[in-house]
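Heads up: the structure comes next, in C-alpha cells.
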C-alpha cells in the first residue's frame, strides 16, 4: 500500500470553487495532504516518485474498490486464459498488479488506512497468488508438483511475515523476493512464453527458488530477532 502526487492551482482559485462545491473542497484537502505526505521522509522511503505519478489519476477512487477491482480483473484474466486468450490474461495480470501497487498508496494519501482495507488487500493478494500459480501450471511452465510447491511458497512468504509481525518482529523488506519481485518474475516468464518457452520455464524455476529463499530468510530473521529481543528494539 502506498501514497501520491501533489496539487496545483492558485489559492484564490481553490477558495472560489470550494465554497460552492463541497466535493471540490474534499479533493483539494486530499491533494494537500498528498503533497505534505510526499514531502515526508516516510513517503520517500516507501513510495517511488513514479508510483505517485501513476496513481494520481486514481486519487478519487476508494482504495478498497481498487483492491477488489484488481482481484476481479485477475480472476477474469485467468478465466480468459482457460478459454485460450493468452494476451488477455497478460493484460489482466499487468492491470491487477498495477491495482495492487496503488491501492495502499491511495489509502494513505486519503487518510483511509483501515484494518478492513489491510484485510481485503491481504486476502486478495493470496487469491491472486493461487490464480497465478494455477496459470503457470495451465501453461505448462511448471509441473503439477512444482505448482503446488510454488503456491505453498507464496503463502509461506506471506505467513512468515504476518506471523513475525504479530510477534513484534519488523519484517518489512526482509527477503529477496517480496510480492513485487515475484510478480515481475511471473510477468517476465509469461512474456517469454510467447517466444521462448524454455527461457520462460527457467524464469519460473528461478521464481520457485527465490520464493523459498525468501521464506528461509524470513524464518531466520524472525528467529534471530525473537531469540535476542535487543536486535528488534
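Easy rule for this one: first residue shown is 1, then count along the chain.
Using the three backbone atoms N, Cα and C, a Cβ is placed for every residue, glycine included.
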TrEMBL lists region 'Disordered' for one of the ranges 1-26, 27-52; which is that range? 1-26
Per TrEMBL, the transmembrane segment among 65-85, 86-106 spans residues 86-106
Please give the sequence-distant neighbours of the transmembrane segment (86-106): residues at least 6 beyond its ends with Cβ less than 8 Å from one of its Cβ atoms. 1-4, 47, 51-52, 54-55, 58-59, 61, 63-64, 66-67, 69-71, 73-74, 76-78, 80, 112-113, 117, 121, 124-125, 128, 132, 135, 179-180, 183, 186-187, 190-191, 193-194
